[in-house]
Amino acid sequence: MEQKNGSSFTGFILLGFSDRPQLELVLFVVLLIFYLFTLLGNTTIIALSYLDPHLHTPMYFFLSNLSFLDLCYTTSSVPQLLVYLRTADKSISFGGCVVQLFVFLGLGCTECILLGVMAFDRYAAICKPLQYTVIMHPRLCALMASASWFIGFGNSLLQTVLIFLLPLCGRNKIDHFLCEIPALLKLACVDTTVNESELFFASVIILIVPVALIIFSYGQIVRAVLRIKSSAGQRKAFGTCGSHITVVSLFYGTAIYAYLQPSNNYSQDQVKFVSLFYAIVTPTVNPVIYTLRNKDVTGAMKKVLCRGQDSR
């Protein structure tokens, strides 16, 4: 190809795991199982939060947002990857690559901010219990959730425009299974130092600012819980936060590893497997983490199941 600008491409080639054909069938089976559990688990959380009046609280409002976000997040990349793992055609159109990058990055950024918002909700519930219903007013909850989506996709729009303004000089083979900024930067035929610095700065804001909010919130939560005299009260308070901390650790740990270290510190294979982790593994385990030790959710599930049996 001799085109001088990426906009004249008919498409890209996603190399994915084509250099390891013996691995593709195994990945297909594993990813299909994970994807089906992602659909089942997150759909269940959304349905229970809607059907059970006891779950009509700020915590489960944000959890429903997270579940819906995870459904969209995995669906933006995994179905295409499953097809690519079983076919010889690894191509994606230029427009398809633009849309995938915009949606995948937007959802990832939104989740970063939403997890910070959820930490603030836990802070208000435990540290300000008497004012909780006043602080976490439904209008404020809707505003914070909307702001998470707006900021996430606003950042994604900016990043997507900047990356596709770079000249590619005919390069169209992406060493990844999806269109992601670090992989696309490697196609550019100009110095990308400024772009890499800008990406690092944006990643710091989107990742580190919510992490700082989370650390502050849980620092205050720990202080408040330690002042509770009964051990049962302490266990209950920590139990409501343990699930969120686990989810935060999984998501931010892999995201920071992928975006906030120099690209020459790890191989492209590591990048792909880390991307698989936060694109499919984390959204799959989120519902399990939130329901395993959550009596409210398990209780709602039992009521819905019993209601379904009674209706027969």
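Cβ atoms are placed via backbone N, Cα and C, with glycine included.
Features as listed in TrEMBL:
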- 41-290: domain 'G-protein coupled receptors family 1 profile' (DOMAIN)
- 25-48: transmembrane segment (TRANSMEM)
- 60-78: transmembrane segment (TRANSMEM)
- 98-120: transmembrane segment (TRANSMEM)
- 140-166: transmembrane segment (TRANSMEM)
- 200-226: transmembrane segment (TRANSMEM)
- 238-260: transmembrane segment (TRANSMEM)
- 272-292: transmembrane segment (TRANSMEM)
| Should the transmembrane segment (200-226) and the transmembrane segment (98-120) be scored as in contact, given a threshold of at least 3 Cβ pairs under 8 Å and pairs 6 or more apart? | yes
| Any chance the transmembrane segment (60-78) and the transmembrane segment (238-260) are in contact, meaning at least three CB pairs closer than 8 A with a sequence separation of 6+? | no
| query | So, does the transmembrane segment (98-120) come close enough to the transmembrane segment (238-260) to give 3+ Cβ pairs below 8 Å, pairs being at least 6 apart in sequence? | reply | yes
| query | Hey, would you say the transmembrane segment (98-120) packs against the transmembrane segment (140-166), going by three or more CB pairs under 8 A that are 6+ residues apart? | reply | yes
| field | Mean of the pLDDT scores, which run from 0 to 100, over the domain 'G-protein coupled receptors family 1 profile' (41-290) | value | 85
